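Since the structure comes first, as structure tokens, the remarks are kept for the end.
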Amino acid sequence: MSRVLARLASPALALLVWPVLALLAVTLVATPASAHNVLVSSDPKDGAVLDDLPRTVTLTFDQAVRADFARIAVTGPDGAHYEHGDVTVEGGNISIAVRPPAAPGKAFTVPAGSYAVGYRIVSNDGHPVTGTLRFTLPTGYVNTEVVAVETVDPKPGTGLSSAAGGQGGGGWVWGLLIFTAALLALSALVLFRHDRRVANAAPGHSAAGEAG
Amino acid sequence: MTATTERPATADHRAAPARTRIPAAGLTVAAVLAVVTATWLTRPGAAPGIPMPGAVVEYGLPVVRVVLDLAATAALGLSLLPKLLGFDDPDRTEPVAARARHWAVAFSLVWCAAALLSAVLGAAEIMPGGAPDVAAYVDGIGSGQGMIVSASCALASAAVGMLAVRFGEKVPAELRVLVAGFGLLPLPVTGHASNWYWHDLSMVSMELHVIGACAWLGGLVALGVLLPRDRDLLAPTLPRFSRLATYALLVVGLSGLFNGLVELALSPGETLPGSLVTTRYGWLVIAKAVLTGVIALLGANIRWRLLPAIARREPTAFAAWAALEVTVMGLAFGVAVALTRTPVA
């Protein structure tokens, strides 16, 4: 056995081990085609000057966006939230409806000024991608057609997708975490006790056993 | 004979613990400093109206990732040490090897704990403003799974290392290196991975990069901490490491350059020569290239100026130079962690 291992350890073969390991990793571990999403365009464009509020804000990324965890917020110059309902995701496009924060049917003065579109998605490689776009309304106006937006969604317009409810899937992860933590504590204890035993034993005794 | 070699080794260990730990301390401080600075430089601005993770998560996650990388590196390097020491003179090498086996287990445990903690922090990062749902994170996102796989490998590495602590070098060093090396493989998956035509090639290159860097730094830390003043051991060991380091420099430099440039070239909306300077990702790539150059110079200094004297068993400033090189490597590791998290564009 040890002779086989010694042969394995010859430098030429040892050099081969790493590429083989790497190939193994690609086939075993690598997830298919996951990468960082990048924002490529938007509607309205960043810095656009508009006559009135857009009905929706759409952000286009270079590749498909994960539907869970995607968020968009539209903040007006008055600090109020102008987005409404849930984020919808279609491939690389994510969009959200925009509506003045008033009860349907009531007139609302849409203020002039700069509106910020903040977004945060979780990229396909698991990293969050955050950014801000702006558009400007040079003149405010009184919005009377709120009724036209017929959505009767009772949710306040936070733009949160309801993704976080992961109670169903992934229960095994918690079991694994607890099991691993217990194992970790046990290993640390064993190592510690072994240390003490070696320290208490006659010096050189265990080393002589190991060297042979 | 064994008893006489054992006693000076432990006495030396107890007499000057502070000095032998200089490389380890320099490495850790440099890595943490680099990652915090790079994270601060490249952190995304707040998006109005969107809940963002707190500073604990924003800085804690990269720091835990650096701890993970360093612990994994140390575990790999210490497992590698018996191969560098050779098996010709067990009486002389055994005290050092015993300490290496012991610390390999300890670092595997740190590695495992850091991987689990970074899974929790990773979940907190993508679910700001609420309790992190680690289960959904690991279940749904590849980097969560990568962390869990790495933690499992770290635990396996600790188990094999524990056997080695108990039974000595009868547990083959190759096995320990393989298990620890396998635990490194999921780590690149948790960073950027591009989905272009040559996806597989860029993944292989990234795996080689990580393994090469860990073997290089781990080996140097093991040598710098465990045997800087043992001239009789250093003389046969350092040339072996020097050969490993040369290959590692080539592999790490080329694969790192390749991956960084590919990532920049494929990012939409940026053109390559300019994006090296205009994007923060480009800055970090340049920083890493500069650090690699500095490390290469320091390595060349050890190889061509110190190695002949070390081979003649003369006193040299190897400990100091190794500590310096290890510290610069720590900076590179810190930048590396920030690089895996920085948006390309």
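Even glycines carry a Cβ here, placed using N, Cα and C.
According to TrEMBL, the transmembrane segment annotation covers B:22-42 (among others).
Remote same-chain partners of the transmembrane segment (B:62-81), defined as residues 6 or more beyond its termini with a Cβ less than 8 Å from a stretch Cβ, comprise 27-28, 31-32, 35-36, 39, 96-97, 100-101, 103-104, 107-108, 110-111, 114-115, 117-118, 121, 150, 154, 157, 161, 173, 176-177, 180-181, 183-184, 187, 213-215, 217-223, 226, 330, 333-334, 336-338, 340-341. For B:62-81 (among others), the entry in TrEMBL reads transmembrane segment.
Taken from TrEMBL, the feature transmembrane segment applies to B:102-124 (among others).
The transmembrane segment feature in TrEMBL is assigned to B:144-165 (among others).
Positions annotated as transmembrane segment by TrEMBL: B:177-198 (among others).
Look at TrEMBL and you will find B:210-229 (among others) tagged as transmembrane segment.
Across the domain 'Copper resistance protein D' (B:237-339), mean pLDDT in this model comes to 86. Per TrEMBL, the feature domain 'Copper resistance protein D' maps to B:237-339.
For B:241-261 (among others), the entry in TrEMBL reads transmembrane segment.
Residues of the same chain lying 6 or more positions beyond the ends of the transmembrane segment (B:281-304) and with a Cβ under 8 Å from any Cβ of it are 38, 41-42, 238, 242, 245-246, 249, 252-253, 256-257, 260-261, 263-264, 267, 275, 318, 321-322, 324-325, 328-329, 331-332, 335-336, 338-339, 342-345. Annotated transmembrane segment per TrEMBL: B:281-304 (among others), in sequence order.
Sequence-distant contacts of the transmembrane segment (B:316-339) (same chain, six or more residues past either end, CB-CB distance under 8 Å): 19, 22-23, 26-39, 41-42, 62, 65-66, 69-70, 73, 191, 213, 216-217, 220-221, 223-224, 228-229, 234, 238, 260, 281, 284-285, 287-288, 291-292, 294-295, 298-299, 301-302, 306, 309-310. Residues or ranges marked as transmembrane segment in TrEMBL: B:316-339 (among others).
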